[in-house]
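Look at TrEMBL and you will find 1-18 tagged as signal peptide. Under the heading domain 'Glycosyl hydrolase family 59 catalytic', TrEMBL lists 33-326. Sequence annotations record features per position, and here TrEMBL assigns active site, proton donor/acceptor to Glu176. What TrEMBL lists as active site, nucleophile is Glu251. The domain 'Glycosyl hydrolase family 59 central' annotation in TrEMBL covers 334-449. As annotated by TrEMBL, domain 'Glycosyl hydrolase family 59 C-terminal lectin' applies to 485-614.
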Amino acid sequence: MLTHHLLFTVSCLLGCSAESYVIDDRIGLGREFDGIGGLSGGGATSRLLVNYEEPYRSHILDFLFKPNFGASLHILKVEIGGDAQTTDGTEPSHMHSKDEGNFFRGYEWWLMKEAKKRNPNIKLIGLPWAFPGWVGEGTQWPYFFPNVTADYVVTWIYGAKQHHNLEIDYIGIWNERKYDPVYIKVLRDTLDRVGYTNVGIIAADGDWSIAAAMLEDPYLNDAVEVIGVHYPGTKTVKEALLTEKKLWSSEDYSTFNDDIGAGCWARILNQNYVNGRMTSTISWNLIASYYENLSFGGDGLMTADEPWSGHYVVESPIWMTAHTTQFTQPGWFYLQTVGNLTHGGSYVALTDRKGNLTVVIQTMTHNHSQCIRPPLPHFDVSPQIATFQLKGSFAHLTDLQVWYSKLDFETKKDTLFQRSSPIKVYNGSFTLKLDVDEVYTITTLNTGQKGTYPESPKSRPFPKNYSDDFTIDNPPFSEAPYFADQTGVFEYFRNSTDNGSHAFTLRQVVTEQPVTWARDADQTISIIGDYSWTDLNVSCDVLIETPVTGGVFLAARVDQGGESVREAKGVFYWIYANGTYKVTNDIGGQRVLAEGLSGTREGVWYTLTLRVKVTYTYIH
């Protein structure tokens, strides 16, 4: 138990000066609290999680979703895969073409079920980043035929319920891209027509501009349940407040998950409401479970990017989350008595309207709480003494539970989510001595817990000798282990026409340019292995399906992926159905090192082998 940070009111008789703050429900309540969440996708950010062996995979999921254990998230938001690159990879669509549907591709279905298994009350959100090409009818605009796009999205909601018994609570429009009022109204009508009246629309997952449009268009206003904004810097705009809609920071954080990231997260969880009246904050991303050298490596609430070793790390942002999530629930209400502390930091107070009270206090300093975006204006925080006076229905409380964290940037010895001795309430008030970079939760609830498991296995690199013949009758996931698609979608494919060694294969299945979100490469690519490898041998059996113009490449030392995949350099060995080959050091195939005739054609299996070795030149 920690006791040394608590200071009773009598201590101020020794000459200290305490600032006073009132916690009172007599003047009415503030906005309804909607929960704290994490985002899987945008894109492929949970790709490696599914390949963890048990019990480690379940341990990780418990730290994310299990109530009163770790982050205890209230919301899970997932990408509706669109067959295109969306930050750290591509996620497969449930409809590669308009004539088919498959609700078992990818891993978001699995993740939602695992979250629901741990917390049946968790809210589920789906949002597209990209769309398969047929939705855009050959264009890069998904709104030309709003009925087509709406039917596509509603089909995903239908598949979640019919095939996985998952109720989707909210649906988005098009991540961080221009919204279309006509499409939003068509989507609302389509949802209502098929019976999904309880599925709310979040719009527009970008800036605040839709708020002004909603004030001018009552039909648009009626269609939207939540105004969702990204990286608002804890600020809102007056037009959003005038709509009287729920306001969410529907994507935020996006910061490396070290202690500065934890400081960022702790600060915005409070200040998104104090400054912006936003009642939900969702972290991009949920978990850093993708190859570290892709875009934004190491973001997320925790890290699990080594399924081959079983190693994972419960990072400090998990415990910053717990300070709020373990002592509140969606449906609680903020009090109107929330605000900033006189000497820096902020506090929020929430109640379940049944007598329970939770107060979360944070004193994160500027340099220790900068998020990746937007820029953070300077502010000062200094040690202070704060007295909280309990009024209204809380005036009778005599003691409160205390949970405490300290991000110690000097000693590097953090205190994370530790339970302290209960604090006594004297004459309706209690006093705290607050240092910098701290978080306190003061609550009537006794249910908090800092969950633990035995330490995960030691970190080790990707195995130097690795092979996969894709021989599996009923794969649990559509992707082969450790492969991370960067353009296109590679899926297990049972080749029924082959009774030999190529009956089980991995097949690239996207044949039409998607409605993209990032700058996909013109060539499909999936990566696997260790970014640092220099000397290596790679061998793969390949078959070209497209006559004349078709081709395939095998590559090593690929230096880019994610949103930069189009600029990838390395050693690329290509063969083509027209009987030629070439070797280039770029994915675009422009910087040619060698080329010639190969005699290759479509419909034939070939074994490609690429050997790459460093050579040194010595000058005497």
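Placement of Cβ uses the backbone N, Cα and C atoms for every residue, glycine included.
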- Note on the structure: The correct DSSP tally for the domain 'Glycosyl hydrolase family 59 C-terminal lectin' (485-614) reads 6 helix, 60 strand, 64 coil
- Any idea what the Cα distance is from the residue listed as 'active site, proton donor/acceptor' over to Glu251 (active site, nucleophile), rounded to a whole Å? 10
- Note on the structure: Reduced to three DSSP states, the domain 'Glycosyl hydrolase family 59 central' (334-449) has 6 helix, 54 strand, 56 coil
- Do you know the mean pLDDT across the domain 'Glycosyl hydrolase family 59 catalytic' (33-326)? 98
